[in-house]
Each structure stands twice: as C-alpha cells, then as structure tokens.
C-alpha cells in the first residue's frame, strides 16, 4: 500500500514522500507531522485538527495558572529560566530565527530526537540558564504545531506512554531524563529543596515534566487525523488501555501454543524513571485499567512471562512493580469485547456487516492479535454460501459459532435464514465435512450429540452384496473452512493392494469400489474396456449362458456331447486335474465334473439323471481310490444334490450382474439444475448399455423374438435402473440418499436443485423398503430379472406366448428362492406377497420419471440440459407410448 502524506491544510504536504507498509505508515506519518512546521496564519485555525478546540481550552487554563505567572515574571526579570514561550505557554522549539538575532546552535531537546552535549545536559540537570532562540514576529493566534505541543504542562510521559512514546519511539529520551534526574537528586538535592521552599525557579526539565495531560488528548487527536487521512483505522487503539498501546512487532503475532519471545525492553533505568513519574497520575491509570478489566485480566495472565518488575525511584518515595504491556496491534484482538466494537467500526467489520449477526467471540488467547476471518463463523449468513455444498449437511459445516436448526447453540436464533431443505430430522448427510467439531458444531440431526461420527454417518457392507456392516474410521484431515468440494472417502479402506473387482472372474457387485477424491473421478476400467465374462469351466472368454452356466463355446459343445453321449470318462489322476484354457482337453472326466458343479444341465428333468450318472461314474472309479478320495467324492455328491435347494440360475444371475457405472459428474463445479440433469442423462446412457448386455445374458431371453427383445428393454429400462439404484442406496448409504453413482449421490439439497424432489422422495422410500423387508441379495437378483418382463404393449408382443412362459418361469424361480429359506408354507406365501407388492410399487415411480424426462427433453434447449443420442431417441419414441397408455405394466395385485 502506498499512501501520500497529507492532511490538507493541517500542515504542508511534504514533497513526494512515500512510505510503504501498513504499520510504518502510521508512525512515520506522525513523526513527519511533528517534525514539519504547521500553519502560522490566522486563516489556518479553521483547518486545525479536531483537537484544536481542546488545546485552546487547555492553553487558557495554563495561562491563568499560578505556576505559569511565576515563570513569566521570572522570564521578564532576566532569571535563568527566561525561556521564550508561545502565546499559550507552550515550549517553542521549532520556531524560525529572527534575522536580527545571531544564529545560534540548534536546540538539542531529548524529545526532538537529538542528543545534547554533555555540558548542556549537566547544565539542564542543575538548572543552569540556557540560551533559547528569539520569539517569532509572526501572528501566533494559531495553535503551534510540532513539538510546541509538548508544553510545560506535559505530565512526565506517564499517562501518555502509549501515545507519545510509541509514536516517536524515543525510549532513549526516558533514559536521558532518568540520568538527569539522578544527577539532580544526587548533586543538588539540598539546593533543589531550598529553591522549592523559597519559590525559586526550577530547571526547564522540571517544568517540562510537570502539568496536566494535555499532550495525551492532543496526540490522540493528531494520530487519529493522520490515520484517517491515510485511510487507516485507529479505533482499535481506543479500545486498548494506554499500557497496552506500546508499539512493537505487531505484524507477526506469536504462534498459538508457543510461549512468546521476550522483547528487549529498557529495564531498570526506564522503569525507575517511569515509576517516579507515575505518582501524580495513579488515579487515572487505575480508572483506565478498571475500564477494560475483563480483557486485561485474561490478557495479563498470558503475558506473565513478559512482565518486568522494577523498583521505583527513592526520590519519588514509592516502590512498586512496573508491568510492561504487550505490543500494539492494529488488528482486533480475539479477546476484545465485540459488542462495543461493532457500533463504531463499520468499515473494519465490513465482512461482518454483510454476514449478519456476529458469531460469539472465540475464547480469549494471550496472543490472539490478528483477526482471522472465516466465512463459516458468520452464523446464519453461511446458509447462502453453503448452498454450494454438495456432500454435507449444513449443520455439519458451520463452526461452533454458527448453529443450524436444532443444534441448540446460542446462535440458534439465526436459523430462520437457513435453507428450509435442511431439517434436523435428515441427520448426517453424505460425507460430513466438519464432523463433531468438539461437540460444538457437529452435524445436524444428532451428529453433534454423538460426538465423533463416522465419515459417512452410516455403515456399509465391506464387500459384495452381503449385509455385513463395518464401521469406518474418521479421516485424519478434512479440507479447510469446512468447504467440501471433494468426496471425503476414508483412505485406509480405499487404497487396495489387490486387483480391483473388474479384474475378477466376473464383474460382481463392485461393493468396495470408491473413488479417492474428485480429481480421481475417472471412469473405471470396465467402462473403457468392458470386463471379459470368463467361462466358469476353463476361464476362457465366455460367449454366453449355455445350459444354465456362463461358458465359452468350447465347453458348451463339450458338455452337450458328453452329457448326451454314452461315454464314461475316468480320471487318470485323483479327480483334481487343473482345467484351464490350455489344459481343458487333458482330462474330460474332471472337465465334465466341473461342468456339473457349475450348474450346467440339459434340462431340469434331467438333473436327477445326471446326478445318478455322476454317482455311477464316481462309483466305478471308487475301487482304485483312497479313503481321502472317498471323502472328497461324498462332498461332491452332496454338492450336486444341493442344487435342488439352491436354484441353478442364481449362479448365472450373480455372474452377469452389471458392475458400478460412474456418471462422470464434476463435483468441483457448483451444483446446478443443468449440470445435475445432464449428468443423470449421461449416467442413464451408460447404464442402458449395461442393461442390454445383462438382458442378453439372462437365461431364455435370447429365445424371444428380436423385436420383442428390443421392445422389452426399451419399455423396462427406467424401472430396472430405479430398482437397481434403490438397492445401491440401501447397501451403500443405508437409504439416506440416492446413490446413482459413486460420483453422483443426491442429498436433500441436490434433490431440490434437480427440481425432481417428489420423484427422489419416492425413490428413497423404495430404497428404504429393502431394509424394512430385509431383502436378500438372491431375492433382489431374481426380482430384478422378473422386472424386465413386467411391461408390455397393450396389443401384445410378436411372440406373446413364449413371453408369458418365460415370465412364469421367473416367477416360479422367485417362489423357489423363497421356499429354500422358509419351511412354513404360510411364511412363504406372506413373503411372496411382500416381494410382489414391492415390484408393483416400482411401476408408478417409473411412469412419473417417464413423464419428467419427456417434459425435460422438450425443454432441453431452454434449460441447457444435454441428452445423449440414444437416450433422446428412446425417450422421444418409446416413452410417449407409455404415457399414452399403449404400453402398460403388468401388476401382481389390483391397483
């Protein structure tokens, strides 16, 4: 910051003098004001600083004081104290010399910054006469400037230590005065007492150190005028007592928690001199101290290491401890009383004025000098800025001073301006940014009561679709300001040493796939390179579902020939041969056994016959086996017989289940309607590709007519995506939010922002049904497959008969899955009723979303929402058929 010095008509502008920095500006400017001559003409009186009137009143009092009259009489009589004074009794030090007078040496006054000669100092200490320049002939009606302010009424630098000493930074002056006082006390104590008793004139030093506190107010007014002209605020100085205004290194406040470094201070000499000068101003100092007692009490405790105790002068007749104050800071101290400061410092609290009611002040700290403004500390006004938060509840973001609804903190009254979407019942949302915050500003909805919360506020299964729950450990470091622009996944559980799920034999549910941060929001490898569906027999690339299992073409042909043929294969080894892509032809017996174990069969009716054939083959080879091999054969038999309880096609459903698909949403950008809906459309396009692959791998689906296959997928894709999203929300975020994708999770704010809040609420309710009904992964897989065959045109499909048979087979498979877990027929019937009611509830949600997407497609150009090509074609061609009633869902129960 560069500021030209100048106070208008208060004093002449120095030619092109510039100071840099915030702190030296103030002190250097005041020094320039004092050292430059002020106005000397009558018209300059109107441009005097605000303290001019106060100076005139004090000057009038000084003129009538008996001491000044005595000094004036002594000056007229030619006494040694005949100093030249101004019209108001001030000590004139900088006046111009008269041409008629001989040019004398410049006066060396301690307050002028120059060091007097030793002889002059001794003479001044002993009260010897000194020559002073002649008075000026100009008009002296205007108040004198410069050091004439330091007249004979100056109170001895005691009460104005924070004003004059800090402004001029003349600590050496006090040392010189103290030395002179010691010389005067030691060498001329008797003569001094005699002169005081007889009313004899005293030295100029004694007169200089006597009087009232005129300079204190004058220096304050002058300091304020200079600071206002420079654009600096000095109101922070007014809130500190004089003892706390010593100038120091206030640019760099001590680090919190680190003991302060002791500053070099003028110890004993200055302390003794100051102790002797504080006698006549003790009352005022006491009042100033009591005025800020709440602040100074806690402030002094932290500065006990900086206090300096010194004994007073013996001549002063008092001995005490002098406590040097702390350094001066132009920034507001954290322990100051905020109430008084907010009334006068509007420009200082400019951010606070925009932020609404101020937060409670932080606990006092001995070195909390520099104000660290945090927008999260401004209470209710943070609601407007916190609307950009996408992954956290507002109640979990604000600090201890700003409380959300239901937090119970002192600033809960400001919760009226909080966004109405965030209620206390919503609980902890996705990825709390602030955590418990020491219990003060924890997440809303009871997160703060629980203290430390998990980083997600929920538990999710560690792997797969299992319902096992595992707790997360809170991450060590969160982002600053409570701002969460990245998804805070806990690093210990995200960094994996093994290969990702897309490298396994099949994609699986991708239960553990998480992205570290928003910068890692890249698509998984299965998006660029779709995972190769491996054959369950040899591990080669699978070509589809053959005979009830996902196999390659070679194993498909082998099983057909081996199962239909009459050949009996025997293993030359121990029935544990390795069957892979390169060694699958080495042992037909082990290969056929592995086909049976994978669930391959020529038909459901032949399952028992195939089991007997397998037992016969193993029985014929049992004569040459050991007891260990016989135990292994019994386990194989029991495993084959168990297929009657574990449906065969469940293995296929688990193998062909699509993996997790990312939306490619940029979470670093603020949420908007267009961005959220465009990301949802992009996610729908990517998921639709996986739905097509998944449907083609379903048992019996390829037997449908090609047109029927396309029609079924185009009509049921919305319901399938909603059903799968509800399951992901249940398994990943405990149905608290909508888990569309790892990089696109909808909390309450996003639900409102997307303008589809009612649809999102219904989808979240569907996700909660999975938990209330305790849906198992096997039931979910079968219900999802059945949902594909639950909507058809009113006119029917081209091969409606086969479609009905295929749908009935999937209904029977669902009933068989229910019967495997329950032995009571009544319990099975009740469970079947619950699951079918859940399937029926998906259709109204899908229809409502069809209407929303169709309306959005029409207005997409106006709202800047992007639709991928395939999504736009399906919505524009097939969705109108559903909305018009030409295509209707198939319900299990009457609606």
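Placed from the backbone N, Cα and C atoms, the Cβ positions cover glycine too.
Given the ranges 496-520, 571-595, 596-620, the record in Swiss-Prot names 571-595 as zinc finger.
Residue ranges 451-471, 472-492, 535-555 are listed, and Swiss-Prot annotates 535-555 among them as zinc finger. It is 823, among the recorded sites 821, 823, whose Cβ has the fewest other Cβ atoms within 10 Å in the structure shown.
Model confidence over the DNA-binding region (534-607) is summarised by a mean pLDDT of 84. In terms of DSSP secondary structure, the DNA-binding region (534-607) contains 26 helix, 8 strand, 40 coil.
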